[in-house]
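A short write-up of the structure that comes next.
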Amino acid sequence: MPRHILVPPEQWRHLLRALLRECSYLPDPIARKYMHDHVMLRYRDYADKHREYLDKCRKYTEKYHRPPSFPPPKALSILRQARLRRAAKQTLSLLVRANEGYPRPLERVLLLSYGRIGRRRHRLLEALLDSEEVPSNTDAVAEAVKKPRIWDDGWKPPRILVELLKAQNHAAIVAQSNVRNQVKTFEPKIPAENSWGRPVPLCRRRNIRRKWYTAALNSALPPIPEDELKLLQGLVSGTHSWAPVRRRKAPAQPAPSQTSSLDARFLAEGPKKGLTFRNFTDGRPHKITRRLMERLWDRIHCLIPRFTMNPARKKPTFEFPLPRYRREAALSVDEQKVPDLFGGLDEQGRKPKTEPKEVQPNYGVILGDGGKRMDRSWCLKPISWHFRILKFQ
């Protein structure tokens, strides 16, 4: 084994088998396929590079009869291996918690699988933008050549991206989901002058357009293929059959041998802690049922736009659906109870104004020795010492 290898091949193989096993237990059919392909793609990207480096080391050893002294490529460095192992363990933990029924990990796996976050979102967005920019004839090619370079003066963002951002801005469910940060403007705003009162230079204008375009791409939610959309609609509506994947039973563990309570582990670590709520601080596991999955599918379904192209106007149109499981904004009321609800209100539903009552000045009440009420004018006159009680109201 070369000296630069930090993680042995057996550990990578165990992680791969565990990842593929957990991918096969995911409750969503699209998530099972996508996560399986995603894991295999990540492994194959580095397997080819590692194989080339090992062949190079073997040829060097056979020729010079000594181990190679040249460093490995950056993709196979020790620091990179440690990061890859940590990423693999985090992905395995995510899949395990998703299969156990934790809502947040399960929803994150669905967001990754349907392209709302992660690598697949970038692939879907690239395919959406490339479909508009391909010229169809010679005249279109000539016009594309005459267009200004990207981010220069006169450059305009792709029309299909602008229409998608407008549709996302009008869909309230996208902002409430808080999956992507939404842009507030549909084109970069460049000031006429800078803080010194001078015209904004070209490099600054290019940077403003580039920064806005990057934020727009980060906030876009592209559509998915039609076959996957129909499958998701069937899962949400209940027309598509679904059943949870049955896990294979774990092999039976041998019965623990009778040991003394004062064993080495007890003496080193102390008594074991009882049941605590530490495992449920970030949520609790749920039993994966159709009802639970339909609500998660409905959240994902509301974040996927419907893409149509108007052939007459040649304008793309995006539409986000409304959630199926939502609280009603109005309640049904019996007609006989309507007058009781709106009694005493005018035609506009407002309470009629009444004339304010005349407020009389309250000077107080003075009681004499016998408890007889005196005139209010006594309050404005000097009070003698024989008045014992002063009562104000």
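Each residue's number is its place along the chain shown, starting with 1.
Glycine too: its Cβ is placed from the backbone N, Cα and C atoms.
For 347-358, the entry in TrEMBL reads compositional bias 'Basic and acidic residues'.
Annotation source TrEMBL lists domain 'LYR motif-containing protein Cup1-like N-terminal' at 15-125.
Per TrEMBL, region 'Disordered' is recorded for 343-364.
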What average pLDDT is reported by the model for the domain 'LYR motif-containing protein Cup1-like N-terminal' (15-125)?
90
Using DSSP, what is the helix/strand/coil residue split across the compositional bias 'Basic and acidic residues' (347-358)?
0 helix, 0 strand, 12 coil
